[in-house]
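Annotated in TrEMBL:
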- 50-73: transmembrane segment (TRANSMEM)
- 50-472: domain 'Ammonium transporter AmtB-like' (DOMAIN)
- 94-113: transmembrane segment (TRANSMEM)
- 133-151: transmembrane segment (TRANSMEM)
- 158-180: transmembrane segment (TRANSMEM)
- 200-223: transmembrane segment (TRANSMEM)
- 244-262: transmembrane segment (TRANSMEM)
- 342-362: transmembrane segment (TRANSMEM)
- 420-445: transmembrane segment (TRANSMEM)
Amino acid sequence: MAAISCSASDLQPLLGAAANATAAAQYICGRFDAVSNKFVDTAYAVDNTYLLFSAYLVFAMQLGFAMLCAGSVRAKNTMNIMLTNVLDAATGGLFYYLFGFALAFGTPSNGFIGQHFFGLNKFPSQSFDYGYFLYQWAFAIAAAGITSGSIAERTQFVAYLIYSSFLTGFVYPIVSHWFWSADGWASPARADNLLFGSGVIDFAGSGVVHLVGGIAGLWGALIEGPRIGRFDHEGRSVSLRGHSGTLVVLGTFLLWFGWYGFNAGSFLNILKAYGESGSYYGQWSAIGRTAVTTTMAGCSAALTTLFGKRLLSGHWNLTDVCNGLLGGFAAITSGCSVVDPWAAIICGFVAAWVLMGCNKLAEKLKYDDPLEAAQLHGGCGSWGIIFTALFAKKAYVDEVYSGQPNRPYGLLMGGGGKLLAAHLVQIVVIVGFVSLTMGTLFFLLHKLKLLRISSEEEMAGMDVTSHGGLAYVYNEECNDPAMLKPGFVVSRTAPPSSAV
């Protein structure tokens, strides 16, 4: 918000020819300037408070990821998967602070990589305050959390630390620079030379966050191979069900709650009028609409999955519905700010079928992803990128991206195919770059025998072999130090094998 100025020389003639007119004009302008500055300070405070609150919501999604992951794996690996989620946040925090934020938003820079603010040097600035760093860090660790679900129950702990550091400190920041930094080669915020005259409208990260995390997880799971017992000797799929539907639902609702910060918070500020001041309609209205489109996409996807799985398998499946809901959220994340609620319902409907189709394909290819993370975030994220290029509304695009008039908008809304072309480029470059970087990293870890645990450890469970004991104490035997040794076999007094 710009300060409103007051000039004593302009005000003095209006006060007449009194002897104290000059002093009165100076006094009035001084008081006026002080009040104006207070309004400017208040605007900064409101916008930064909004951004910080959104950052807290996105960070709360880590708890959602942890609960969802814990419920989706077998009980014998519960502590392992929850610890990886804790360390995604902790490791990601340090590496994003040292390198990630600078590579992503270190302006001025070139179109491919940021060059300033390493270790938050010369921070804050006119462009960024600390709340912005916190918000972007929460996004970075979300991408790492997605990947951890794909390689759950069979990955060495050191591999988690290595890939999480590399993803949050290097891979994710470079991708986010391309599409979100004002200097990025495909950013819609560029001052000129926009990709296809538009740039990529990936508002909250169907591509930058979800597709990046999904493709990274895809390569990790492909290189590791499926879990022991996931497919029988004839290649038929065997369900290795997670141990707690309760934790799955808890994690799903926490992620739903946090997604409002993820999508609506991506406006970064709230005190912005569209058109003349004094209207009921402004950025606050667009934020509300974004929350509604997010909700509609998730609800549509959940119900589509519910009835779709009922038709396909004959069951009302809790876990599938929760994953379908999250698939709808992952898809709408790209276009949440520039589409109408009715379009978001279409987005969620298609996302549910995309997820079910990806799961069928994964089963046929004998690909094992305990949380369906690559299918959900990669598949539904890709659909969300395409959906935005089809349904982005001109009026909303002009409001949210007001710096460049007459931008291309959704193909099905009459905006031509330029936005779709830009979005197809986004999918290709993200898949290519993440495959090159994360695929190479996972391959090197595999060759160095740092990626997958031994078959004995996998059968016993990583809680016992790596973390000092089980997450749940069922009986006194669980306190026996002997069970902490690799190769320990759970006795018949422990829970049935389907639970562990």
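Each Cβ is built from the backbone N, Cα and C atoms, and glycine gets one as well.
Counted over residue pairs separated by six or more positions, the transmembrane segment (200-223) shares at least 3 Cβ pairs under 8 angstroms with the transmembrane segment (420-445), which defines the two as touching. In this model, the domain 'Ammonium transporter AmtB-like' (50-472) carries an average pLDDT of 94. Where the transmembrane segment (244-262) meets the stretches 50-73, 158-180, 420-445, the count of C-beta pairs under 8 angstroms peaks at 50-73. Counting same-chain residues at least six beyond the ends of the transmembrane segment (420-445), those with a Cβ under 8 angstroms from any Cβ of the stretch are 147, 159, 162-163, 166-167, 170-171, 174-175, 178-179, 186, 195-196, 198-202, 207-208, 211-212, 215-216, 219-220, 223-224, 382, 385-386, 388-390, 408, 411, 451.
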